[in-house]
Amino acid sequence: MFANRWLYSTNHKDIGTLYLLFGAWAGMVGTAFSILIRAELGQPGSLLGDDQIYNVIVTAHAFVMIFFMVMPIMIGGFGNWLIPLMIGAPDMAFPRMNNMSFWLLPPSFLLLLASSMVEAGAGTGWTVYPPLAGNLAHAGASVDLTIFSLHLAGVSSILSAINFITTIINMKPPAMSQYHMPLFVWSILITAVLLLLSLPVLAAGITMLLTDRNLNTTFFDPAGGGDPILYQHLFWFFGHPEVYILILPGFGMVSHIVTYYSGKKEPFGYMGMVWAMMSIGFLGFIVWAHHMFTVGMDVDTRAYFTSATMIIAIPTGVKVFSWLATLHGGNIKWSPAMMWALGFIFLFTIGGLTGIVLANSSLDIVLHDTYYVVAHFHYVLSMGAVFAIMGGFIHWFPLFSGYTLNYTWAKIQFLVMFIGVNLTFFPQHFLGLSGMPRRYSDYPDAYTAWNTASSMGSFISLVAVILMVFMIWEAFASKREVSVMELTTTNVEWLNGCPPPHHTFEEPAYVKSNS
């Protein structure tokens, strides 16, 4: 029965599909918010209203894209679908908890949307810093609803993380060691550990904010001996690992795509890739204060956070050059998924370079809260995480659905999206360098030209999103079935056919060890 299958599902493939659909829908909402932002900024002067409504839209855009698009698709969608198949497990370790992890997200989304419907909305930015998020600057229920939304999304992610860690460690065949796992499995394992360690700190921080707002505590209020800087430390101790949570599964997917379409049986430097991801995961926890260079830290503290942040470039560089080495000498197949992966490598590297610039505390003091920062993190998210999702989706779509996409349309869509995102975010570097601040709905006329270019780019990206929807419709309408898959011996998720049966591995998978 339909309701039983989809509401009470304990099947990793069905839950993965639910995550993908939910993430796609949230992605539409988040895209709509971003179009509103760029429409407002396309010309000087006011379009939608004051800065409060503008910042409510910015905040909603961030939360929707992070917690309801990237994480559900990468970890929930691809993770649920692929991890059990890749390690030969019959399902996830805790199938019913898996179901709950998903069904906590729609109520969480509902609370977030409710927060913008009551009072003036939560116009705090996704960081929700007090005192702006306190009960004077944001009277009413908006910020409280946002906090509850974050709590639900956080519980969902923590349960999901426990589930993935248990599944990956405990449900491999006896012959498969840690170092025989595909890189995507590694990336999800490391991501899950990061979630498990960072989310409780966020929960503590926003719970203290909640009591400051409603129960008259003064954790973040200097009048009662509190300190708003404490909130920033708690938030960014979560917030920085979070950005690595958003990109690590993308690293895993790109490794698979680049290896597959280079005709290689394994990625270059497997162990280097694994250790690079583990290093990134570890270092991600000890650099959080580089988001706070402007709050007045000691010079030696700033020196530490500058150098620690720069060290992350080393394992990241290991990954980039290993991808290039995987490509080297390969029989390269220019499929759309490969194009997304190559676009990922190039644009993520550019985003990484601007990150190195911002790691310098002296430079960051000038660039902090300008559009240079916006350009930086959108290069690594809008062209890193999103490109990885697009490449992964196109690569594994035949596995999920049993049908193939039209490759010509897929290549056109890639080209449109590539032009759109670059036209949107490249000019923002110039705006930032000339001092245009973030989180304002209006700006001096001097900034008009680059803002107009940026807004044009966002509308091109919108066309690409619509093209994507059309491509998926076209694939299901045409029903071109998958004829044959290549390289299945080193891509075990394809071994059970396209799509795989509802229950795979009803008896334990036999894995022969080559080492």
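Positions of Cβ are set from backbone N, Cα and C atoms, glycine also.
Listed in Swiss-Prot:
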type	residues	note
BINDING	Glu40, Gly45, Ser441	Na(+) binding site
BINDING	His61, His378	Fe(II)-heme a binding site
BINDING	His240, His290, His291	Cu cation binding site
BINDING	Tyr244	O2 binding site
BINDING	His368, Asp369	Mg(2+) binding site
BINDING	His376	heme a3 binding site
TOPO_DOM	1-11	topological domain 'Mitochondrial matrix'
TOPO_DOM	41-50	topological domain 'Mitochondrial intermembrane'
TOPO_DOM	87-94	topological domain 'Mitochondrial matrix'
TOPO_DOM	118-140	topological domain 'Mitochondrial intermembrane'
TOPO_DOM	171-182	topological domain 'Mitochondrial matrix'
TOPO_DOM	213-227	topological domain 'Mitochondrial intermembrane'
TOPO_DOM	262-269	topological domain 'Mitochondrial matrix'
TOPO_DOM	287-298	topological domain 'Mitochondrial intermembrane'
TOPO_DOM	358-370	topological domain 'Mitochondrial intermembrane'
TOPO_DOM	401-406	topological domain 'Mitochondrial matrix'
TOPO_DOM	434-446	topological domain 'Mitochondrial intermembrane'
TOPO_DOM	479-515	topological domain 'Mitochondrial matrix'
TRANSMEM	12-40	transmembrane segment
TRANSMEM	51-86	transmembrane segment
TRANSMEM	95-117	transmembrane segment
TRANSMEM	141-170	transmembrane segment
TRANSMEM	183-212	transmembrane segment
TRANSMEM	228-261	transmembrane segment
TRANSMEM	270-286	transmembrane segment
TRANSMEM	299-327	transmembrane segment
TRANSMEM	336-357	transmembrane segment
TRANSMEM	371-400	transmembrane segment
TRANSMEM	407-433	transmembrane segment
TRANSMEM	447-478	transmembrane segment
Residues flanking the Na(+) site, with Cβ no more than 8 Å from the Cβ centroid of Glu40, Gly45, Ser441 and excluding those residues themselves: Leu41, Gln43, Pro44, Ser46, Leu47, Leu48, Tyr54, Asp442
Integer mean pLDDT for the topological domain 'Mitochondrial matrix' (479-515): 86
Count of other CB atoms lying within 10 Å of the CB belonging to His291 (Cu cation binding site): 22
Surrounding residues of the transmembrane segment (183-212) on its own chain - C-beta under 8 Å, 6+ positions past either end: 75, 78-79, 82-83, 86-87, 128, 130, 133-135, 143-144, 147, 150-151, 154, 157-158, 160-162, 164-165, 168-169, 218-221, 226, 231, 234-235, 237-239, 241-242, 244-245, 248-253, 255-256, 267, 270, 273-274, 277-278, 280-281, 284-285
Binding-site residues compared (Glu40, Asp369) - the one with the fewest other Cβ atoms within 10 Å: Asp369
Interface-richest range of 12-40, 270-286, 407-433, 447-478 toward the transmembrane segment (371-400), CB pairs under 8 Å: 407-433
Same-chain residues at least 6 beyond the ends of the topological domain 'Mitochondrial intermembrane' (118-140) whose Cβ lies under 8 Å from its Cβ atoms: 51-56, 58-59, 62-63, 66, 146-147, 206, 209, 212-214, 220-221, 228, 231-232, 235, 239, 439
Listed stretch, out of 95-117, 141-170, 228-261, 336-357, that has the most CB pairs under 8 angstroms to the transmembrane segment (270-286): 228-261
Cβ neighbour count (within 10 Å, all chains shown) around the residue listed as 'O2 binding site': 21
The transmembrane segment (95-117) versus listed stretches 12-40, 51-86, 141-170, 336-357, 407-433: most Cβ pairs under 8 Å: 141-170
Within-chain partners of the topological domain 'Mitochondrial intermembrane' (358-370) [C-beta distance under 8 Å, separation at least 6 from its ends]: 290, 293-294, 302-303, 305-306, 309-310, 376, 431-433, 435-439
Rounded inter-Cα distance in Å - His290 (Cu cation binding site), His61 (Fe(II)-heme a binding site): 23
Near-site residues: Cu cation, ref His240, His290, His291, CB cutoff 8 A to centroid: Trp236, Gly239, Val287, Trp288, Ala289, Met292, Phe305, Thr309
DSSP helix/strand/coil residue counts for the topological domain 'Mitochondrial matrix' (262-269): 0 helix, 0 strand, 8 coil
